[in-house]
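Comments concern the structure below.
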Amino acid sequence: MTLTDERMRRPAMLARSLLVAVGAGIATGLLARALYAVLPEPWTTLANTSALWGLLPFTVAALTRTRGSRAILLGVTALAAMVATWAVLGPESQPPRVLVLWGIVAIGAGALCGLAGDLAGRRHPLAHRLGLAVMSGLVLGEAFYGALLIGGPQWWGEGALGLLLALGGGRRWPDRAVALALAALMAASLFGVYLLFDAIAAG
């Protein structure tokens, strides 16, 4: 394949990847709504937590092995499709303030998690470790925030998932310790972000 042929294929490959991202977002939005309807309290929380939703753009970017700006674009597209599906299927319409907030989060978190998925999908140990640390830090930060200010066993379940993600940052315990430290730093830095999000959502 010549360089010209490869350049001509790139737009088509990006279009297919975007379709995958939209499809994954819609499917995950449907699944989240279904889980929210069937899970008992307080476990319904896990169906609509922003950090766990971030696993979608993270996974899409990692599995499609997109890089850089394309991973960011796929992440935003996937999470925006999921948020839109969740909003459309809601039993009640949301106020414009909340919809705008969800849109901002879909763009910001989708970009961050898409980039984290790109890094986690790389072979370079440092990039792989950093990508997992960002994603696990998001999950751990929300779990810590929920356990501290809201309470309930669901947050401990989310925290356990965050720890598992961080432990995937290396095969040796020293590498895992570094990944856990990075994840803890990320989690601590996001505490204020989650506090601000809930304050704006509550009005």
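Including glycine, each Cβ sits where the backbone N, Cα and C put it.
Annotated transmembrane segment per TrEMBL: 17-39, 45-64, 71-89, 101-120, 132-156, 176-197, in sequence order.
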Proximity of the transmembrane segment (71-89) to the transmembrane segment (176-197), 3+ C-beta pairs under 8 angstroms: no
Folded-back contacts onto the transmembrane segment (45-64), same chain, C-beta under 8 angstroms, at least six residues removed: 17, 20-21, 24-25, 28, 32-33, 35-36, 39, 71, 74-76, 78-79, 82-83, 86, 105, 109-110, 112-118, 120-121, 131, 135, 138-139, 141-143, 146, 152, 154-155, 157-158, 161, 197
